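**Q** For reference, the structure I am asking about is given below.
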Amino acid sequence: MEAFNVTLLPNHLPLSSEVRMMGWNTPPEYLSHVSEHWLTFPAPKPVAHYVLGMLYIVFNIVSILGNGSVIWIFSSTKELRTPSNLFIINLAIMDFLMMLKTPIMIYNSFQQGPALGWLGCAIFATVGAVSGSGSSCANALIAYDRYKKISDPMGVNFRMTGRRAVCLIALMWLYISPWVVLPLLEVFSRYTPEGFLTSCGIDYLSDAWDTRAYIVGIFFTVYVIPVFSIALFYYRIFAHVSAHEETMRAQSSQMNVKSLRAGDDGEMRQELRVAKVGVMLTSLYLFAWTPYAVICFLGVFGGKAYLTPLVSMIPACTCKTAACLDPFAYAISHPPYRQELGRRCGCGTAGQATASAATASQAGEVVSTAPA
């Protein structure tokens, strides 16, 4: 690394004008894990580190408050502890985990380098792999549960119980485990510093066949399959609701009444409401994880020239954005949750919260109805 800098910089330049390259303040143990690609770039200016650190502080506060409140309210309110809401709690835990690793990034950013060393890097990457892979599958489980609730509300063919929900969540954890453990053991891939070298993730810059195979495998298992599942289940929800509404309109026409639904004039058509939620959730997921998928494929399939340290930090920020917005999309938009949260914070009434929560529980579930 030192030889690289010497050949690049003219000897007559004063020390104050020397261009520091990436890795200039990196310990040898840490530097051995860094791809040579990053070492060809000038080191980021201190202000870039500070801005990124401040941004992560904001992400950390918003996500921990949002996901923490979801875990707290849903797990401690008896009326909201339904089998389906276990999937909401599971997603909140994944997003919460994603933010638990951010203090490593924040500390490194304000130190302008990997101050916590390789151990901090390994922890950051492992927790990121768990939360990233898990959140994609958790979104798919929620979409599946909503589809079953709406297509079979009486549970004639399938009824979600607490045991079944726990089993599905356990299977999800088993499903993502190989993609987390193998890089940690440096089998089939590895975790490596990326971007400003203050954060770490899976290796997407190696030309080795096993790295490429890993990227393709994880792309299909924790990105393509969840995205396809989410889109498919919300499409089926929309199709089912549309068919049901058409049947209701036909029956009301035969009975010479305007509608068999009370209050239809004052409400958005149900299929549009369901479609809006499906589009919102699918778009949020795509916004969060598509940049990372693009970065990985560029790295392993000949697009390294496009990957600068700054560009590589974009996916990290979009993923954190999703972890901040998920609580609002899945839980805070639900009235019984909002009322219970308001009651505990002194902003609502206990009677309203309990009654609404009980009604939601008896009706079948919190997440089966689309938030308006």
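Glycine is treated like the rest: Cβ placed from N, Cα and C.
Sharing the feature lines straight out of TrEMBL:
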type     : residues : note
TRANSMEM : 47-74    : transmembrane segment
DOMAIN   : 66-330   : domain 'G-protein coupled receptors family 1 profile'
TRANSMEM : 86-110   : transmembrane segment
TRANSMEM : 116-144  : transmembrane segment
TRANSMEM : 165-185  : transmembrane segment
TRANSMEM : 213-235  : transmembrane segment
TRANSMEM : 277-301  : transmembrane segment
**Q** With Cβ-Cβ distances below 8 Å as the criterion, list the same-chain residues six or more beyond the ends of the transmembrane segment (116-144) that contact it, or say none.
**A** 27, 29-30, 33, 87-88, 90-91, 94-95, 97-98, 100-101, 104-105, 107-108, 168-169, 172-173, 175-176, 179-180, 183-184, 191-193, 199-202, 218, 222-223, 225-227, 229-230, 233-234, 281, 285, 289, 292, 319, 322-323, 326, 330, 367
**Q** Cβ under 8 Å, sequence separation of at least 6 from the ends of the transmembrane segment (86-110): give me the contacting residues as numbers and ranges.
**A** 49-50, 52-53, 56-57, 59-60, 63-64, 66-68, 70-71, 74-75, 116, 120-121, 123-124, 127-128, 130-132, 134-135, 138-139, 141-142, 145, 162, 165-166, 168-169, 172, 196, 198-199, 319-320, 322-323, 326-327, 330-331, 366-367
